[in-house]
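All remarks here apply to the structure that follows.
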Amino acid sequence: MTTHGHATAPPATTVGRSGGSASNADSGTADGRLAWADVAKGGCIVLVLLWHVIMKNYLQLDWRLDVPVAGVWGTLGDLLLPMRMPLFFTISGMFAAAAVHRPWRSVGRPRVARLLYLYGVWLLIHTAVLALAPDFPTDRATGPGELLVQLTVTPSNLWYLYALALYFALARTLRRVHPVVLLVAAGVLNAVASAGLLDTPGNRAGLYQNLVFFLAGLHLRRYVERWARAVKLRHLLLAAVAYAVVLVAVTASGTGRLPGVGPLVSVVAVAFGIAVAVRLARRPTIGQPLAALGRQTLPIYVIHMPVLALLHRLVADPIANLSDPARLALSLGYPFSLTVLVLALSLGVHRVLLAVRAGWLFDLPKGRTAIRPDDAPPNDSTKETTCPARIHPDRPAQRSM
């Protein structure tokens, strides 16, 4: 896919309505790319795949083990759960900060219509493919009524696209409301949903819980960048200890379902995730591959679930029929190996689809000619298939009207 050029981002909007500040060499590159954000997105999409592999495949297989290997992998997935999507949405909010102040004619198509279009197209694809794997444990529509529900009020496992469109539309519509009011309201929504006080069928819980992180990235970008610039090894260690202490305390006390506890854990997790991403961005051997994945999260996200569902159907019986020693040996690294395979297959399918001119599966038809280059949004999780995340906080956005 081609790019729409890259737009520059104005100073970040914060609670105090003050501007952002430039990234230094520790958090960005000479061409203005916010390197750690790409790394964070790459890490998050890998964790999304790993979570789905563990929960929807690995823990569903008949391992028949005398040692708790499967339980260890399940616990690992649970420990990373408070970080994956909150960090993803925080970064998405950061790169929406400029666009919310632009007119609807400039941002309605790339920021809302495009995402809803992709959600609808891939929902139909998922519905068709998942019908081939009826035993695969994920939400799927089995009739027109359920499909309508997933298109409207209870999004499917593609809910991230649905949420981004909804969040941006809300942020753009309510841009004149003071950020404190928005953040408090979204925080209360998160707390109530996390405590199980709202009806959250399907993936509606994620929809309720992550708005606050999108708005935090949008309105508190200055502070997020300040933390990223400050990160040294000691900050990473402190964040890791804080996250571990919070997780142990919440687990030991059984307070995870109390209102407000869930979002507070995720705030610590996001700070830890940013610190990890900043440190990894300084190590090209690890940081560059993750950053490359971070610029391709859209195709990975929309393709991986059907790929995983079909693989689940293929491997379930053969694994169950293995000898006990073979099953034990396979179980140790299976989630990691399958995650890598699903990732590679998803990227391969994406390349094939582009080669056969099926780019309309990843963008609105004629979208590349409908958006003026200067009106194109800065790259974020809505446009990460090609260009790196860019940010120029000292230079105001220019656009032709």
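For all residues, glycine too, the Cβ spot is worked out from N, Cα and C.
Computed from a predicted structure; not experimentally measured.
Feature annotations, reproduced from TrEMBL:
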{"type": "COMPBIAS", "residues": "1-14", "note": "compositional bias 'Low complexity'"}
{"type": "COMPBIAS", "residues": "391-401", "note": "compositional bias 'Basic and acidic residues'"}
{"type": "DOMAIN", "residues": "35-347", "note": "domain 'Acyltransferase 3'"}
{"type": "REGION", "residues": "1-24", "note": "region 'Disordered'"}
{"type": "REGION", "residues": "371-401", "note": "region 'Disordered'"}
{"type": "TRANSMEM", "residues": "39-59", "note": "transmembrane segment"}
{"type": "TRANSMEM", "residues": "79-100", "note": "transmembrane segment"}
{"type": "TRANSMEM", "residues": "112-133", "note": "transmembrane segment"}
{"type": "TRANSMEM", "residues": "153-170", "note": "transmembrane segment"}
{"type": "TRANSMEM", "residues": "177-195", "note": "transmembrane segment"}
{"type": "TRANSMEM", "residues": "207-224", "note": "transmembrane segment"}
{"type": "TRANSMEM", "residues": "236-254", "note": "transmembrane segment"}
{"type": "TRANSMEM", "residues": "260-278", "note": "transmembrane segment"}
{"type": "TRANSMEM", "residues": "298-316", "note": "transmembrane segment"}
{"type": "TRANSMEM", "residues": "336-362", "note": "transmembrane segment"}
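Counted as Cβ pairs under 8 Å, contacts with the transmembrane segment (39-59) are highest for 79-100 among 79-100, 153-170, 207-224, 236-254, 336-362. Among the recorded stretches 112-133, 177-195, 236-254, 260-278, 298-316, the one sharing the largest number of Cβ pairs closer than 8 Å with the transmembrane segment (79-100) is 260-278. Long-range contacts of the transmembrane segment (153-170) within its own chain (CB-CB distance under 8 A, at least 6 residues past either end) are made by residues 85, 88-89, 92-93, 96, 99-100, 107, 111-112, 115-116, 118-119, 122-123, 126, 138-141, 201-204, 206-207, 210-211, 214-215, 301-302, 305, 381-382.
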